[in-house]
């Protein structure tokens, strides 16, 4: 039993020494808590912020929103039907094939 008493005494002494070492830190911490009482109360922000974050994915700007919207549309679009008979590029137009250009109602400033 006598062997346990010095161990207990040494443990108490160590605790006192630790308290002395950490007491300046605790004193500084107490000063900061007195000066800024609202800090450290609610980690993670206000209730409003937490509620908004729980609602789901939010977008950085309208570009992100539109890109996500386009991705969703692309997944829902049906594939093009292959039964189209219209072929493009088989005929090269000539000036005679093109329709006549309509004259402009506003006179050009360049035509003198």
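A Cβ is built for glycine as well, from the same backbone N, Cα and C atoms used for every other residue.
Here's what Swiss-Prot has on this protein:
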COMPBIAS  1-11  compositional bias 'Low complexity'
REGION    1-49  region 'Disordered'
MOD_RES   2  phosphoserine
MOD_RES   2  N-acetylserine
COMPBIAS  12-32  compositional bias 'Basic and acidic residues'
MOD_RES   23  phosphoserine
MOD_RES   62  phosphoserine
REGION    72-112  region 'Disordered'
MOD_RES   104  phosphoserine
MOD_RES   104  phosphoserine
MOD_RES   109  N6-acetyllysine
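On the backbone, the CA of residue 23 (phosphoserine) and the CA of residue 62 (phosphoserine) stand 52 Å apart. For residue 104 (phosphoserine), other Cβ atoms within 10 Å of its Cβ number 7.
Annotation note: residue 104 (phosphoserine) sits in a coil segment as assigned by DSSP. Every protein chain considered, the tally of other Cβ atoms within 10 Å of the Cβ of residue 23 (phosphoserine) stands at 10. The most densely surrounded of the modified residues 62, 109 is 62 (count of other Cβ atoms within 10 A of its Cβ). You'll find the Cα of residue 62 (phosphoserine) roughly 39 Å from the Cα of residue 104 (phosphoserine).
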